[in-house]
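What TrEMBL says about this one:
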type	residues	note
BINDING	C18, C53, C87	[4Fe-4S] cluster 1 binding site
BINDING	C161, C165, C168	[4Fe-4S] cluster 2 binding site
DOMAIN	9-124	domain 'MTTase N-terminal'
DOMAIN	147-378	domain 'Radical SAM core'
DOMAIN	380-450	domain 'TRAM'
Amino acid sequence: MTDTAARPRTYEVRTFGCQMNVHDSERLSGSLEAAGYSRAIDGDADVVVINTCAVRENADNKLYGTLGMLASVKREHEGMQIAVGGCLAQKDKGIILEKAPWVDVVFGTHNMGSLPALLERARHNDEAQLEILESLEVFPSTLPARRESTYSGWVSISVGCNNTCTFCIVPSLRGKEKDRRPGDILAEIQALVDDGAIEVTLLGQNVNSYGVEFGDRGAFAKLLRAAGGIPGLERIRFTSPHPAAFTDDVIEAMAETPSVMPQLHMPLQSGSDRTLRAMRRSYRSEKFLGILDRVRARIPDAAITTDIIVGFPGETEEDFAETLRVVELARFSSAFTFQYSIREGTPAATMPDQVPKAVVQERYERLAALQDRISWEENRALIGARAELIVANGEGRKDSDTHRLTGRARDGRLVHFSVPAGNETPRPGDVVTVAISEAAPFHLIADAPAGTRLDIRRTTAGDAWDRAQAASCAVPEDAGVGIGRVSLGLPTLRR
Ligand code: SF4
């Protein structure tokens, strides 16, 4: 894609929201690059794509605030285009063009692959394009991707959700669950591994109902085991399971597949059975705690994280006390806690007994204090233990100040570690083994005394990082892989 001066048009994708959106943004970037666009490096993009989220609080304000700022940028930048996609676009449709008529393209969650064509049509016809499909056009994973990491990749196994949690907008925006065929998933994982990745995260709104569409209730456990058989794939993670559908065959597959990591994100949402019923979440707190017991019996070092909503409509002090009780018993390593806020279009939005903001805030602070205490206690228990880390790229925001590097442990914990003088510096994607020396609620530190030898294992992911660096310096490189390369979603079409 070139502009009138035959220069490739540049793009920028801004992502609001969850991992699913981040992954979708890789697909949007890949589709644009496959169509000839190049990524803007100076922040002055010809095309700005906003991939929106309707689930998180304030999504509307954030979108329209950003669009307001972009209006003046566009006035100064001839030929600039603005596209809005994702969940909020799926929900608001034409409202976006009414509120922000300077937007050129609005597209939904089901037709991401059409973005380059819609941009071109908007330019050609000099008219905004709105295209929202109500059902999935192409499975997102068959679109090209521009992967953000050499060592780790996300792989969609399903999109959509058949549940009807009353606080959640996903079912109406992403539609019914669509499962991808196991062979396609495994081929994509193999393609990632061939490109140097050593870790994958399997993504779905509700991963353990995977297979429901093609009639195999044991499909997710089988998929974990099959992925575990891919040589060179060191770490497999997945997000998110639903407690109601979490079966023991998945626990067995996790325990018996060495490359499935001892990490589980299991959304609790509330500890009160009454509130769970109102949320239309079909498990109860005892069932939830029973799952954690069985996971820990088979995988004793599992780090379990969760999501919790505070102040759901009708939540009483007794209900909230139940959440505190379950959190105390569950010993989560960390929790994403949310203050309930009305999401238009969800059943909970019109429920009576909305909890006043001040009450929600006060409960939220009590819950956060409890979870911080537990996270810190759990992290302190790891002081002195050894942890194997994949060296990360860009996860430690303070690394340049502290002269540390950052990595993720097998259980998903973030560890900042020092490289004692005299050691080589590991590359992103290499594996180091360190001793934990300090703990904070949200991270661990591994500082080794001067003179200590750092235990580094060079990996294919580190090699891929080297190749990417070489490529970005324009050094000819046969392999042609690495950060920023566009991989085709269809493995058979890979270079
Ligand atoms: S399981 Fe519930 S919260 Fe999760 S995506 Fe489906 S409806 Fe939403």
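Placed from the backbone N, Cα and C atoms, the Cβ positions cover glycine too.
Since the structure is predicted, the reported quantities are computational estimates derived from the model, not experimental observations.
Features recorded in TrEMBL, as mapped to the structure shown.
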residue: C53; record: [4Fe-4S] cluster 1 binding site; contacts (Cβ under 8 Å, 6+ apart): F16, G17, C18, N21, A59, G86, C87, L88
residue: C161; record: [4Fe-4S] cluster 2 binding site; contacts (Cβ under 8 Å, 6+ apart): C168, V170, P171, R174, K176, E177, Q205, N206
residue: C165; record: [4Fe-4S] cluster 2 binding site; contacts (Cβ under 8 Å, 6+ apart): P171, Q269, M279, R280, R281
Of C18, C165, C168, binding-site residues neighbouring ligand 1, Cβ under 6 A: C165, C168
Fewest-neighbour residue among binding-site residues, criterion Cβ within 10 Å, set C18, C87, C168: C18
PLDDT averaged over the residues of the domain 'TRAM' (380-450): 92
Chain-mates of C161, C165, C168 with C-beta within 8 Å of site centroid, [4Fe-4S] cluster 2: N163, T164, F167, I169, V170, P171, Q205
DSSP residue counts for the domain 'MTTase N-terminal' (9-124), split into helix, strand and coil: 59 helix, 23 strand, 34 coil
